[in-house]
């Protein structure tokens, strides 16, 4: 046991001898999270920072400036140990401006005018022109007012909601760490100027073009946003790094050579606009609905024209019929109401600390069926505490702790949770703490997700060069084994301890070191725990009731992951990600790999590629998948997922790739946002069903009335019906919508089926009203007591159409969900106005009795009940859904063969890459 003896000797050389028993006694209690501890740790880090031996950067060399507006070479010769002074920063900012692209400020006039553009708006504008041609100035004015009203409401609501989101987005602004006045300072990215000495490290989004000036620097930089190249590019001293690139590995200093529009990206406007806030699938849905409704309008007009020509109607009469059908057949408020609903929803989510990067994320989050969640910080507290260490025979725990802390970051900003836990635990290791600051760090290599280790080369007070390593226990053990054989009893005891810690839910970190040119020494294992958040188990149960399946993806060992999953109630089907066999190995057929992923509760020891593959497999099985992440290596899977979620504290790269950025910690924030997104989606869905049914209602009724009886409803009343339909439902964006207990999607066949049937029932109710007024005494028939046909029909149409929204907005019977006061008030106001129209005979002359009005209200309520019963039956009918849409077919043999083929190709491709 030569290595043990050496370790013991080393301990004696650096520490006064302390018995392991005493050391263990002091470390058993968990560490409290108190402010004074954080202050003590910050003071220690500041002391360590002042001795940063690993930031030994050299003066930069002359090189080509990186911008369309060249920066003189003399401005790029900044002292790399002192940086710029405040006066130099001010002068350069005055000359070169802020480090930001010149944004084309959105022209508010053009933005407002955009609400008059679109297929539906064009039809209404054509209707206005037609009304002007008929010299029907009342209809012309009302149609124009309707277009203007929808534009104003949509513009104001979206502007207000956008302002709320923009305010919170400012908190996500990129930061930069620069060397100024001899000190590292964090500034906003736009404040960087040419000649600044910029510090970059893993996870940094580079804010401006620059050239690396650190000797022996090694960075891996993701330039996919610029070049489209998926693999990271290696960078060394003298190489240029471009703005918007992400550092995936390493750390270095660089001198800024170009900022703002003078950067490589700034000279390519198309790249600047690459990250547009798309509106997603719902825009396609609206366009499709608008197109179908236009086709139905045209078909109805053909019927009307044929019947009119057959009766030799005048051209003016035909144009009046055309105008009536056009106005009622196209829902002019549809785009504005849906966009407003989404924008208001985004603002509401922002208040709940969920920043929506693009509106389409709301829709996709509402439909998510599987959430692939990382463990640390989302399911757990991300507050590690250390337990009693396992030391190899002859090793002092103080020695183990000192080595582990030497292999830790010495920067206050960006220090990870593991290093923070070790530094906090130094209060239990006074001797290690007392000598830690006497060591000078020569090299520091941050955590490498491939080797799963972090290492540092330090210089001891005695001048000895020591290499310290901590990381995944088996990876550290492998490092020692590659240097020299480890005695079987030590190897066995070490591995057994790793397994024991894992079964107890501890995450283990192996610690080893090498003195000078000597052999590697294995020192022991430090167990740490990251307990589940207090609300995680409850939230997971709630997620299950919402039809959401959660799969845990973690880099921890299988035992730890399985124990954590068991504690949280996720299940124990947690496997090593290598079993996927997508890394060039494995014999499982492709279809079985897909089944395996589908059935698993989670995967452990995952690499970024595993996360990407899991998301891809689930998507190919037809699931909508959300993925959480926080690191730069999570960016590919965040982009691949239907909804990429950057959790609290995520790196700039992860935030840039995500669809939604959370400022609040934990799974509960995500589930709250999911419920809210389902509410928003439900509002949109309810309004779309409602609005299609209204259009079909009057197309069917007026088409039949004109074709059979050669007459139509008064044009002014038709226009007011269209106005009332839109005004009443503008408040849908603020409705107390219920959220679905299952993931929601645009089931368009079922949506159209329900809308058509509701439209037919509405048309039948209106036809009954019409026909009962055509019989009986000269004062009217069964429904009408006395008065005119047009006002009575107007009231019946207005009431039944307005009340329909109370039916479509509910997830069950219409009485199961109470609407908001805004929606109820808007509907009531419109009903009162429609009633006054009828009583006083506005626009058509002739009054209608109160008795007739009461009869219409009673009859309309009867229609409302029939509609409510029909919608409730259709909504929950699997048979109707199968008839209209059909369920997804079961995976057939052809599908499984394709999956086998795809996985085989992936394995062959990976094996080829390894062999080459």
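Cβ coordinates come from backbone N, Cα and C, glycine included.
Taken verbatim from Swiss-Prot:
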COMPBIAS  1-13  compositional bias 'Low complexity'
COMPBIAS  14-31  compositional bias 'Basic and acidic residues'
COMPBIAS  32-50  compositional bias 'Acidic residues'
TRANSMEM  112-134  transmembrane segment
TRANSMEM  137-155  transmembrane segment
TRANSMEM  280-305  transmembrane segment
TRANSMEM  321-350  transmembrane segment
ACT_SITE  374  active site, 4-aspartylphosphate intermediate
BINDING   630, 634  Mg(2+) binding site
TRANSMEM  712-734  transmembrane segment
TRANSMEM  755-776  transmembrane segment
TRANSMEM  818-843  transmembrane segment
TRANSMEM  848-874  transmembrane segment
Inter-residue C-alpha distance, the residue listed as 'active site, 4-aspartylphosphate intermediate' and residue 630 (Mg(2+) binding site) (nearest angstrom): 9
Same-chain residues near the transmembrane segment (848-874), Cβ under 8 Å, at least 6 residues beyond its ends: 753-754, 757-758, 761-762, 765, 769, 780, 783-788, 791-792, 795-796, 799-800, 803-804, 806-808, 812-814, 835, 838-839, 841, 880
Closest-packing stretch to the transmembrane segment (321-350), where packing means Cβ pairs under 8 Å, from 112-134, 712-734, 755-776: 712-734
Residue among recorded positions 374, 634 with least C-beta crowding, 10 angstrom cut-off: 374
Contact set, same chain, for the transmembrane segment (818-843): CB under 8 Å, 6 or more residues outside the stretch: 138, 714, 716-717, 720, 724, 727-732, 734-736, 787-788, 791-792, 794-795, 798-799, 802-803, 805-806, 809, 850, 853, 856-857
Packing count at residue 630 (Mg(2+) binding site) (other Cβ atoms within 10 Å of its Cβ): 24
